[in-house]
Amino acid sequence: LIYAKVECLTTGVRTYVGKQSWPELVGTKGKTAAATIDKENTHVTAVLCPPLTTLAACRTFDFRCDRVRVLINRIGGVVTKTPTVG
């Protein structure tokens, strides 16, 4: 398990403890993974990101401490990469 003490604020950094990475979810269904992430770290929101999506949260390069991108494949919606905060 990977834990970090980071919370983004517009004026600086505050700390909290929460899970930041979910390698065990690679190969699972995206919706199941998103629900697990939301349950295990209430400070973040999981966003499903299929290939070639136009969803803004999936296409930006900004780092956000309250978002976890869940990259899924087109066939079956299976998680293809370790979901991490950012």
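Heads up, the Cβ atoms here are built off N, Cα and C, so glycines get one too.
The annotation disulfide bond is assigned in Swiss-Prot to C8-C65, C49-C58.
Recorded features from Swiss-Prot, shown on the structure.
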| residue | record | DSSP (3 states) |
| --- | --- | --- |
| C49 | disulfide bond | strand |
| C58 | disulfide bond | helix |
| C65 | disulfide bond | coil |
- C-alpha spacing of C65 (disulfide bond) relative to C58 (disulfide bond), in angstrom: 14
- Excluding its own, the Cβ atoms lying within 10 Å of the Cβ of C65 (disulfide bond) add up to 19
- Task: Rounded to the nearest Å, what's the C-alpha distance separating C65 (disulfide bond) and C49 (disulfide bond)? Just drop the number here, would you?
- Result: 17
